[in-house]
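TrEMBL lists Gly62, Ala63, Ser64, Asp68, Val94, Gly172, Asp177 with the feature ATP binding site. Positions annotated as domain 'tRNA(Ile)-lysidine/2-thiocytidine synthase N-terminal' by TrEMBL: 59-242. What TrEMBL records for 286-316 is domain 'Cytoplasmic tRNA 2-thiolation protein 1 C-terminal'.
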Amino acid sequence: MEGKRSKVRMCCLCNQSRASLNRPKTLQQICRDCFYLSFENEIHQLIIDNHLFTPGDRVAIGASGGKDSTVLAYVLSKLNRVHNYGLNLFLLSVDEGITGYRDDSLETVHRNQVQFGLPLKVVSYKDLYGWTMDEIVKLIGLKNNCTFCGVFRRQALDRGAAFLKADKLVTGHNADDIAETVLLNILRGDIARLSRCSSIITGEDGPIPRCKPFKYTYEKEIVMYAYFKRLDYFSTECIYSPNAYRGFAREFIKDLERIRPRAILDIIKSGENFRISTNTKMPEQGTCERCGYISSQKWCKACVLLDGLNRGLPKLGIGRSRPGIGCKEENESRGVKSIESKQCGSLDF
């Protein structure tokens with residue numbers, strides 16, 4: 001009996017409870033309660049150190065029903081209550097119109113709305129753009145479909161946050177996601193995005209700043225937290241994303257993590273330390289002449305893609321936008337940052 005007891009691993013933090021997991025980020029052997037506390041305290045400290053919120057802020061949480069956004073909503077709601085942040089929290093979901101995927105995940109979001117007691121707003125591609133992703137994929141096929149979805153989703157979130165009159169928009173992008181983005185921007189030679197892809201706050205020059213409280217939080221730890229807390233989340237991968245270019249970076253990150261878990265944070269730190277030459281000319285941000293959304297060209301990427309779809313030329317906007325593309329007439333609302341009441345394509349939001 002003495003021999004068996006001596007083999008029991010105790011939590012290296014509290015030394016009172018039996019260790020039940022190896023923490024992926026630090027490889028510490030800890031108990032569940034210490035894991036919950038460490039997980040939540042790290043996010044709280046990140047919020048405080050980076051001054052992500054101010055009391056009274058209206059904060060929209062990008063909610064997809066997946067593990068990241070579900071854990072984010074749960075933890076942020078708990079921290080707001082425990083630490084008296086004084087935030088007004090809302091769930092914001094985007095319905096891309098993907099049958100057998102998004103319709104099912106939105107059911108999870110509606111359950112989270114009840115479970116967490118947070119108001120929910122859902123915006124859809126069909127209402128905003130006149131197209132669903134099912135219709136787009138039917139027209140263009142499986143290649144480049146993620147380009148349309150990514151561009152439309154970003155603008156849809158901003159429009160939904162504007163509808164909620166949100167001061168901040170928070171997303172569940174985790175450390176793995178950010179490390180992948182750093183690598184992708186290096187591979188693409190995208191100098192403009194290298195300087196900001198690892199920032200915890202982005203879009204400060206746009207209508208609504210975006211925050212990433214999970215910037216240093218490993219995906220594996222989010223999964224473990226959701227599992228041990230028995231949170232209700234949707235785990236099926238998008239049916240149109242298996243061939244996405246990002247998938248190659250994701251696999252590479254996973255391989256690195258198996259060899260050296262610290263590699264994820266090292267890549268993020270590398271992204272933070274990138275310095276762009278003063279001789280490099282950055283694109284000047286303006287507003288789209290067609291819908292008023294922030295853009296460095298006459299038309300924003302969403303309007304270029306939408307114009308191609310409506311004209312039956314879906315490949316028109318694929319690749320880098322060329323200067324000068326867009327409509328000839330001047331938009332009378334040009335220069336105004338608010339997008340809540342702007343026109344998107346042929347449909348008023």
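Cβ atoms here come from the backbone N, Cα and C positions, even for glycine.
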**Request:** May I have the DSSP-based helix, strand and coil counts for the residues of the domain 'Cytoplasmic tRNA 2-thiolation protein 1 C-terminal' (286-316)?
**Result:** 10 helix, 4 strand, 17 coil
**Item:** Confidence summary (mean pLDDT) of the domain 'Cytoplasmic tRNA 2-thiolation protein 1 C-terminal' (286-316)
**Value:** 86
**Message:** These are the binding-site residues: Asp68, Asp177. Which one scores highest on other Cβ atoms within 10 Å?
**Reply:** Asp68
